[in-house]
């Protein structure tokens with residue numbers, strides 16, 4: 001895996017890429033999403049096996065993310081033409097069908113390299129997922145090996161948790177979901193949470 005420039009707590013590396021959006025080609029810049037959260041996920045290749053399950057799941061939940069002020073962007077090293085061909089392939093035949101999220105082309109592999117997910121020996125991306133906040137700061141990174149897909153529900157939960165901490169200044173314990181108790185991040189006040197949950 002390549003070492004990249006993406007670091008937690010730092011500005012996410014900006015980029016410009018050609019994407020397929022609603023069946024058409026469009027130039028997308030990360031900086032265009034300033035003011036919104038972004039879930040940026042990398043996947044290995046078009047016309048494969050685990051990848052469509054992830055992309056379709058993110059697409060099917062795009063509105064759930066948008067309700068949180070968050071956009072989802074998918075990226076692979078394939079061209080925009082390959083993305084479009086895959087989108088135009090019916091789901092029953094291993095295709096994607098119409099999508100509610102953009103798919104970005106990274107044919108130069110610069111995005112994958114910059115975000116540290118490039119599998120150099122194969123020239124494809126690992127399954128990297130990055131949560132970028134409304135200020136453009138990278139808040140979360142996970143990278144899966146190729147054979148295991150990611151959880152859209154967990155990505156949604158993480159966005160909700162980061163947004164909660166941004167707004168309220170409290171911290172979210174393991175498995176936190178909206179409406180659950182949080183912790184006041186100081187020695188004395190945190191005891192309220194621990195006495196209730198232990």
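From the backbone N, Cα and C atoms, a Cβ is placed for every residue, glycine too.
Look at Swiss-Prot and you will find 2 tagged as N-acetylalanine.
Along the domain 'Thioredoxin' (6-164), the predicted structure has mean pLDDT 97. The domain 'Thioredoxin' feature in Swiss-Prot is assigned to 6-164.
Its Cβ placed at the centre, residue 11 (phosphoserine) has 15 other Cβ atoms within 10 Å. In the three-state DSSP scheme, residue 11 (phosphoserine) falls into the strand class. Per Swiss-Prot, the feature phosphoserine maps to 11 (among others); the stated evidence is a large-scale study or a structure entry.
The local packing around residue 51 (active site, cysteine sulfenic acid (-SOH) intermediate), expressed as other Cβ atoms within 10 Å of its Cβ over all shown chains, amounts to 22. In the three-state DSSP scheme, residue 51 (active site, cysteine sulfenic acid (-SOH) intermediate) is classed as helix. Residues annotated as active site, cysteine sulfenic acid (-SOH) intermediate in Swiss-Prot: 51.
Annotation comment: Swiss-Prot describes 112 (among others) as phosphoserine. Around residue 112 (phosphoserine), a 10 Å sphere centred on its CB holds 26 further CB atoms from the protein chains shown. Reduced to three states, the DSSP call for residue 112 (phosphoserine) is helix.
Marked as phosphothreonine by Swiss-Prot: 182. The DSSP secondary structure for residue 182 (phosphothreonine) is coil. In this view, residue 182 (phosphothreonine) is surrounded by 16 other Cβ atoms within 10 Å of its Cβ, with every protein chain counted.
Per Swiss-Prot, N6-acetyllysine is recorded for 196. Close to residue 196 (N6-acetyllysine) in the fold, though at least 6 residues off in sequence, lie 181, each with a CB less than 8 Å from its CB.
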